[in-house]
Structure formats: structure tokens, C-alpha cells
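Taken from Swiss-Prot, the feature domain 'F-box' applies to 70-116. Taken from Swiss-Prot, the feature repeat 'WD 1' applies to 219-256. Summarising the annotation, Swiss-Prot assigns repeat 'WD 2' to 259-298. Residues annotated as repeat 'WD 3' in Swiss-Prot: 301-338. Annotation source Swiss-Prot lists repeat 'WD 4' at 345-386. As annotated by Swiss-Prot, repeat 'WD 5' applies to 388-426. Per Swiss-Prot, repeat 'WD 6' is recorded for 427-464. Summarising the annotation, Swiss-Prot assigns repeat 'WD 7' to 468-505.
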Amino acid sequence: MNQDDNGKNVVSKVSDLTSCSDFSTSSPVPCLNPLSHENNRIDLIRDLLASLSKEGVVAVYNHVRSLLFTDFTEVFPEEVSLRVFSYLDQLDLCKCKLMSKRWKRLLEDPGIWKALYMQKGWFVNENVLNEFEAWRRTHKFPQPRFENFLKQQNIIGPYGTMFLPQQFIFDSNGRPLLNWSYLYKEHAHLDSNWRHGRFLVSTFNNPSIRFPADQDFRATLDSVYCVQYDDEIMVSGSKDRTVSVWDVNSRFILYKLYGHSGSVLCLDFCRRRNLLVSGSSDSTIIIWDWQNRRPLKVYFGHTDNVLGVVVSENYIISSSRDHTARVWRLDATSPAEACMHVLRGHLASVNSVQYSSKTGLIVTASSDRTLRTWDITTGHCIRIIHAHQRGIACAQYNGKFIVSGSSDLTIRIFEASSGKLLRMLQGHEDLIRTVRFNDEKIVSGGYDGTVRIWNFNTGEQHCVLHNSRNSRVFGLQFDHRRIIACTHSSEILVWNFDDGLDCTFF
């Protein structure tokens with residue numbers, strides 16, 4: 001039966017239903033109205049649908065769908081809709097963007113992606129962010145000329161930062177806004193690189209790296225025991241008794257500091273106070289004026305190798321192979337008056353020292369297998385944690401957690417306030433010499449020649465990084481983009497996880 005025949009039959013059926021002399025759409029007696037029964041109406045609609053073309057069925061479907069499903073974004077104010085969307089994760093938001101043009105427009109709102117970015121706890125370079133906002137506020141070009149202009153070229157901010165077209169979206173007036181969706185995507189790729197071990201590795205000591213022509217050295221040829229860096233400089237200490245100051249981006253050695261008569265085993269710096277502090281196997285601690293490249297003070301007191309040193313706003317804290325840690329006043333008028341406390345109690349070498357200004361507590365790690373916490377004001381021992389089965393070689397303390405590494409081949413995470421063991425990580429095949437952590441990850445280095453990346457919250461090992469000479473790893477530091485580590489073979493290695501990514505804002 002063709003569609004025309006279907007149509008004739010339906011018309012006949014409707015005519016029969018409505019030709020009854022007693023039929024009235026307003027009849028108070030339901031039984032006298034054939035269409036008052038829902039089943040009859042359903043049958044009629046089925047017959048009507050069967051008589052329609054495909055296009056007609058689609059039109060009816062769309063109408064019925066609109067009756068069954070209500071788009072909440074058309075009912076609620078836009079601010080409420082955005083609040084609802086803010087509870088979704090990245091994958092769900094991307095799926096929602098495919099639902100309709102209206103949802104796509106709403107979900108390109110930068111506020112949602114900014115909230116997601118912040119919920120992740122991801123780093124934002126506040127200086128660059130403020131520079132962008134300062135530049136944005138001073139430009140009031142009309143749309144579309146300004147928008148088209150920005151889409152075609154990079155922009156230099158007031159302090160020299162280059163901003164790229166993909167970093168912007170535009171409001172209804174054509175003014176640029178920061179594209180938080182783009183920033184989220186770039187940082188998500190960066191996190192994925194960390195989890196899956198995607199990186200580029202290079203070295204500060206690579207012969208392909210050019211050094212300034214007026215320098216008679218290229219890099220240290222002896223073991224490098226310690227490194228520390230920020231956005232501008234890196235400082236390293238080595239067996240050749242020197243402290244090297246590098247430009248962290250060009251990888252040029254800017255200068256060397258001479259003063260120790262033994263290997264430089266540890267160092268720390270405070271840019272706010274323009275202070276660099278180093279500890280040595282000659283048992284001394286030197287405070288350097290690194291801009292004038294000379295020692296300011298030399299502290300004597302330890303009777304063996306100085307293995308750890310921390311500088312804060314008011315104190316220097318050091319640890320030594322002589323079984324003690326010491327607290328030194330930075331504002332002392334003479335080195336003889338500088339020693340504030342000698343922290344005694346460990347039964348073996350104190351290999352690492354940490355300090356948190358938030359809690360006022362010092363944490364020491366020793367070859368006697370214990371961690372100890374101390375009050376910096378009184379010098380009293382607050383807690384002893386029997387942490388490992390063998391000596392502890394390294395530790396970090398952030399005010400809430402202590403993470404330690406040992407020759408028992410484990411990394412352990414402790415709650416600092418109670419000493420409770422939270423998690424134990426296994427994977428290294430030799431002594432764990434250095435460990436660092438943040439809220440998301442732990443990075444460790446050991447005598448097995450590896451650097452390992454772990455999930456702080458689950459203990460899962462993400463990846464293992466090797467150096468070309470399989471050399472012992474002595475020290476490391478990391479940020480959100482890279483790891484820098486030093487080794488027994490004199491190499492300073494850099495693993496970059498941000499290759500090909502736009503990290504302008506983080």
C-alpha cells in the first residue's frame with residue numbers, strides 16, 4: 001500500500017470517528033466521544049505517522065522531543081547554567097559542547113575553565129597573568145578591527161612577554177579575554193607527559209652548548225653534589241670545591257665562587273635577601289654575596305662534613321656528619337655569636353635538614369634510621385619517628401608531610417603532626433639519595449642511576465628516567481615543567497616535559 005492510500009484510509013478513519021451524531025468535543029459524557037480514550041488517540045496518531053513522509057516524521061519527532069526534554073539553559077539564568085556546568089570534569093564538558101550550538105557557546109565561557117584549572121591546583125604565573133591584565137585594560141579597540149588584528153599576530157606585553165593569538169577569546173565588545181580553555185588543554189597535555197614519561201632530555205655540560213668566549217671554563221669536570229634553581233638562575237656545588245652560578249635558560253655559567261677548601265656538598269639560596277649559603281666537607285658554612293662574588297661570612301662549629309643546609313628569612317639551619325644539626329642567626333653581628341642552638345640526639349650522621357616557617361619546626365633525617373622534629377625557637381626535640389629499617393639519606397618537609405628516602409630502598413610518606421606512616425613506595429634498586437615532592441608528585445633519585453616519578457596520593461610509579469652513564473644521582477629539583485638533576489659523573493641533566501607546549505602562563 002502506497003503513502004497516498006495510507007492517507008486516504010486515515011482520512012476515512014478520522015471521518016468515521018467524527019461523524020457520530022452524538023460526537024461533541026465538549027461532550028460531558030466521555031463514552032460518547034471516541035477520541036476521549038487515549039488508546040484511540042494513540043492509534044490515530046500511529047496511523048497519521050504512517051501516512052507522513054520521512055521529512056514529516058522528523059518534524060513531528062522534533063516537536064515531541066521538545067515536549068519531553070527541556071533544555072535547562074533556556075529556563076535558568078546564564079549564571080545558574082554556568083554554575084551547573086562547573087561541576088563537570090573536562091571530558092564531560094567536551095561532550096556537552098557537542099550537544100548544541102547554544103551549549104557550545106556557553107561552554108566556551110572562560111570562567112568555567114578557569115574554575116577547573118584552579119580546582120586542579122595547577123600553577124599560574126601571577127606576574128605574566130598581571131601583565132596580560134594590565135595590557136588588556138589599556139586597549140579599547142572597537143570590534144572587529146582589533147579582534148582581526150590580534151588573530152593575525154603576536155603581541156608584546158608591557159614587560160616584554162609575548163602573547164599568542166590562541167591565548168585570547170573575545171567578549172561581545174571585541175575585547176580580549178584570557179582563553180582559560182586553551183590554558184587548561186595545554187596544562188592537561190603537560191600532566192599527561194609527566195604521567196607517561198614523554199620528555200626531552202639534555203644536559204648543562206653538553207659540548208654543543210656554547211659558553212661565553214671570555215670564560216676559560218666550560219663546566220665542572222668533577223662530581224656535582226647539589227643543585228638548586230629558580231626561573232632565572234641555577235646554582236650547583238661540586239667536588240672541585242666551587243659553587244657555580246648558571247643562567248638557567250641559556251645554560252651559560254655566569255661565574256664561579258671560590259672559598260671552600262673541600263667539596264661543596266649542599267647549598268640553598270634566598271633571592272629575597274640576596275643570600276646564597278653553601279656547606280662543605282671542610283666543615284664550614286659560607287654565606288655568599290653572590291652579586292659581588294665574595295663570601296660575606298664563614299660559620300665554624302661543625303666538626304665534620306656539612307651535609308645539609310637551609311636558609312630562611314631569619315635563620316640558617318645545617319646538618320652534619322658530626323651527628324648534630326645547628327641553628328644560626330642571620331642577623332648575628334659576628335660568626336662567633338651566630339650559633340643559636342646545637343640540636344643533639346641523633347646517634348649517627350645527620351644527612352638532611354628541612355625547615356618550615358609555617359610551623360616553626362625543623363626536621364632532621366639521620367643514618368640512625370630516625371626522623372626528628374625540633375622547635376626552632378627552643379631547640380627542643382618534639383618527636384622521634386622510627387622511620388626506616390636502614391639509614392635515611394634524604395628527606396623533605398612541607399609543614400604537613402615528611403617524605404624520606406633510605407638505603408632500605410624505600411620512600412616513605414609520614415604525617416608530620418603525628419609521625420604516622422601513610423605510604424611506602426618501592427622501586428629503587430639502590431640507596432635513595434634525593435627526594436622532592438609537591439601536592440601531586442614525588443620525584444626521587446638514587447644510586448641505581450635512575451630518577452623516578454611517583455603519584456603522591458596513590459604511590460603509583462609513573463615512569464623511570466635513566467642517565468646515559470647510569471651514574472649515581474646525588475641531587476635534584478623539579479617544577480611543573482622540568483626536572484634538573486646532578487650526578488656522580490659531573491653531568492647536570494634536564495628532563496623537559498613541556499616540549500611543544502605553550503607554558504607562557506605557567
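Here the Cβ of each residue, glycine as well, is placed from N, Cα and C on the backbone.
Values in this document were obtained by computation on a predicted structure and should not be read as measured data.
Among residues of the same chain six or more beyond the repeat 'WD 4' (345-386), those with a C-beta under 8 A of the stretch's C-beta atoms are 304, 307-310, 312-313, 315, 317-325, 327, 392-399, 402, 404, 406, 414, 416, 419. Most Cβ pairs under 8 A with the repeat 'WD 7' (468-505) among the ranges 219-256, 259-298, 388-426 are made by 219-256.
Note: the repeat 'WD 4' (345-386) comprises 0 helix, 25 strand, 17 coil (DSSP; helix = H, G, I, strand = E, B).
Residue counts for the domain 'F-box' (70-116) under DSSP, split into helix (H, G, I), strand (E, B) and coil, are 32 helix, 0 strand, 15 coil.
Secondary structure by DSSP for the repeat 'WD 2' (259-298): 3 helix, 23 strand, 14 coil.
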